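Visitor: I have a structure here, written as structure tokens, and I will follow up with some questions on it.
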Amino acid sequence: MRGILFRYEALLPLTEATPRLSLCEGQTPLIPLENLGRELSVDLRAKFEGANPTGSFKDRGMVLAVAKAIEGGAKAVVCASTGNTSAAAAAYAARAGIPCFVLLPAGKVARGKLAQALIYGARVVAVRGNFDRALDLAKQASEDLGLAIVNSVNPFRLLGQQSAAWEICDELGEAPDWLAIPVGNAGNISAYWAGFNRYRELGRTATVPAMIGVQAAGAAPLVEGHPVDEPETVATAIRIGRPVNAEKARRAVAESGGQFLAVTDEEILAAQRLLASREGVFAEPASCASVAGLLKLHRAGRLPQGIRIAAVLTGNGLKDPDAALAQVPEPVEIDDSWDSLREVLSR
Ligand SMILES: *Cc1c(COP(=O)(O)O)cnc(C)c1O
């Protein structure tokens, strides 16, 4: 298992001059969610992207983006990020031996992600402004200083991310009926759609899934049909008001016969607890929007029975420990005696 530049070499735009960068990303588990699936009367599987080397799907696109940047002669990379892009950029830049500059919205990044960018050795700058402003500044740094920008405006990111759709089809032997996926900048939903279509064109699958794009209610420009100026949600990875890939995502949903929908923070956190406590799967809040969306459709009687659904869990729950700790009780503290322990255990 050597990563997607090896596994999907023939499907990616690699040349002899492209360095074969790898952290053994991809090949993430497609976990059957048997308990939730039974309740919803569907065949439900989670594509657990938290199992990637930096804990999110961003590794799939970043490995290709950094490899192509180096092939093109870049001496450093830059990105704006709500956290996971910076973790991935910092890791692959470290691996490749080039500097990485990261612009984060000040005070709005989950702690695990900040720790990652810093320990991988990126130069991290906190911008007093939201993600959309940080992205504008990263673009300017790229233009004025000649740094390679590795945000999802970088076309190689989306090409690499197609590999997740290929893996799902390779494992199932066909495409699922639905794909449910959290949507922030809308790159990933666009990449999956392109990936499913690529496989159908190659004759490896006969169908493509309906694309179900789920946004957080406080940051739902694709549901509302207009940009959101002050996006707000506990799901920091999808706190984005002006999705760069909005047009591609709209086309994916329309062409596939899918839909966009919004879920509240309460619904996202409830789905997070449900996934952890009923399935043993811990995903970060943004990831859980996909499952929250399916639960919502089920409650509304709009989830067809018996279909096969792949829900993308985009990032690892450990990325954002504060979001998890805020919704569970503190551990019980006792004296170091058997009497005290017995008393607690028999409650
Ligand atoms: C980046 C990210 C998203 C959003 O993906 P887009 O391509 O921006 O729509 C969702 N969840 C997690 C965990 C992410 O890191």
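Positions of Cβ are set from backbone N, Cα and C atoms, glycine also.
Remember, TrEMBL labels are computer predictions, not curated facts.
According to TrEMBL:
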type	residues	note
DOMAIN	22-315	domain 'Tryptophan synthase beta chain-like PALP'
MOD_RES	LYS58	N6-(pyridoxal phosphate)lysine
BINDING	ASN84, GLY184, ASN185, ALA186, GLY187, ASN188, THR314	pyridoxal 5'-phosphate binding site
Visitor: Pick the one among the binding-site residues GLY184, GLY187 whose Cβ has the fewest other Cβ atoms within 10 Å in this structure.
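Guide: Fewest other Cβ atoms within 10 Å, among the binding-site residues GLY184, GLY187, is found for GLY187.
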Visitor: Under a criterion of Cβ-Cβ distance under 8 Å and sequence separation of at least 6, what residues of the same chain contact ASN188 (pyridoxal 5'-phosphate binding site)?
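Guide: Spatial neighbours, sequence-distant, of ASN188 (pyridoxal 5'-phosphate binding site): PHE57, GLN161, ILE181, PRO182, VAL312, THR314.
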Visitor: The record lists ASN84, GLY184, ASN185, ALA186, GLY187, ASN188, THR314 as binding pyridoxal 5'-phosphate. What's the largest Cα to Cα distance among them, in Å, rounded to a whole number?
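Guide: The pyridoxal 5'-phosphate-binding residues span at most 15 Å between Cα atoms.
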Visitor: If I take the alpha carbons of ALA186 (pyridoxal 5'-phosphate binding site) and LYS58 (N6-(pyridoxal phosphate)lysine), what is the distance between them in whole Å?
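Guide: Cα-Cα distance, ALA186 (pyridoxal 5'-phosphate binding site) to LYS58 (N6-(pyridoxal phosphate)lysine): 13 Å.
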Visitor: Average the pLDDT scores across the domain 'Tryptophan synthase beta chain-like PALP' (22-315) and report the rounded value.
Guide: 96
Visitor: Taking the Cβ of ASN185 (pyridoxal 5'-phosphate binding site) as reference, which residues of that chain separated by at least 6 in sequence fall under 8 Å from it?
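Guide: Listed in sequence order, they are SER152, ILE240, PRO243, VAL244, ASN245.
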Visitor: Measuring Cα to Cα, how far is GLY184 (pyridoxal 5'-phosphate binding site) from LYS58 (N6-(pyridoxal phosphate)lysine) in Å?
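Guide: With distance taken Cα to Cα, LYS58 (N6-(pyridoxal phosphate)lysine) is 13 Å from GLY184 (pyridoxal 5'-phosphate binding site).
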Visitor: Can you tell me the CA-to-CA distance separating ASN84 (pyridoxal 5'-phosphate binding site) and LYS58 (N6-(pyridoxal phosphate)lysine), as a whole number of Å?
Guide: 7
Visitor: Far apart in sequence but close in space: which same-chain residues, 6 or more away, have a Cβ under 8 Å from LYS58 (N6-(pyridoxal phosphate)lysine)?
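Guide: Looking at Cβ-Cβ distances below 8 Å from LYS58 (N6-(pyridoxal phosphate)lysine), excluding near sequence neighbours, one finds ASN52, ASN84, THR85, ALA87, ALA88.
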